Ligand SMILES: Nc1ncnc2c1ncn2[C@@H]1O[C@H](COP(=O)(O)OP(=O)(O)OP(=O)(O)O)[C@@H](O)[C@H]1O
Ligand SMILES: [Mg+2]
């Protein structure tokens, strides 16, 4: 085996010991470096490590002038670069306490002087092999951690892109609904209006039977018109774009009260800052989901939509006096049992740096969504 690439540092205050040990190891092909004190060993290590990779230290314990072997080892082990470097103590000191201190200081082995040459060489070989293996393992671990960090960064980026996409999709969906609502208003509803007027004027010049039929037709048309108008508003309330978030939420509360018999109140804070349209759309969509949930799941007879905010944040909360629910219900999505509603709200809000909070009250639940007033999505 070629040992010329294996570097051993011998530290001993007796030049004669260094000479004997050096000869023994050099004869086996190892590269030998020497230091005659603990202090010299520390500096020698610094200088040597710039040129070679040190593989093992043979360290005398008793060195009366300056640092002893145990203290030298302790200092070496405090440095990251030498933490895994094997140190074999060589000493004539045989007492139990010194051996324990030597291992506590980070020593890998302890050999008593005078030593058997074969035993010492076997231990040197064993620790060189172990050291090399642990060095290789550490490099492999470093490389694996680096790859994991890269993969993690990629994953976070992909996640971010996905959430932005989800936001885009929800805004595209809202714009599409708005377009459809406009088309509903402009074409079929206008035609129905016109047809209703035509029928009304035809009814004035007919006999009593055809009058009755025309009246039924006219009534059906009135109902169809009303339903179309409701659908148009459900799809995209024009009031959101004309009057802003507060006006849209107020309209929504009144409309749902009439439609479902749940008494919904709308309250607004006087300190509300201006809210840009995209954010108003996101907040309206989110509040709409909370109200749908209130109607679908809570069994409440009363509810309240509150819009508050200041220069720091804007929040919408929906309160009910129903059965309440634990935030754990949100885990339903991952277990495959729950819906998408609250999960979707959370995702959309996170793009605006916002969050959703569920509180269970003595009776009912309060769900709050909060978004920083100054947050921009950077789109
Ligand atoms: N106000 C509420 N009162 C009682 N339970 C509620 C309330 N809001 C939500 N929940 C519970 O939380 C669960 C999750 O709501 P989420 O909106 O995520 O899904 P969903 O309403 O069941 O389905 P989807 O919204 O997809 O139509 C609901 O299934 C329900 O059990
Ligand atoms: Mg829902």
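Here the Cβ of each residue, glycine as well, is placed from N, Cα and C on the backbone.
In TrEMBL, the feature coiled coil is placed on 141-175, out of the ranges 141-175, 176-210, 211-245, 246-280. Only residues 6 or more beyond the boundaries of the coiled coil (141-175), in the same chain, are considered here, and those with a CB under 8 A from a CB of the stretch are 236, 278, 281-282, 285, 344, 347-348, 350-351, 377, 379. The Cβ of residue 60 (4-aspartylphosphate) lies under 8 Å from the Cβ of 11, 12, 13, 14, 17, 69, 89, 90, 91, each of these being in the same chain and 6 or more residues away along the sequence. DSSP places the residues of the domain 'Response regulatory' (7-128) in helix, strand and coil in these numbers: 60 helix, 26 strand, 36 coil.
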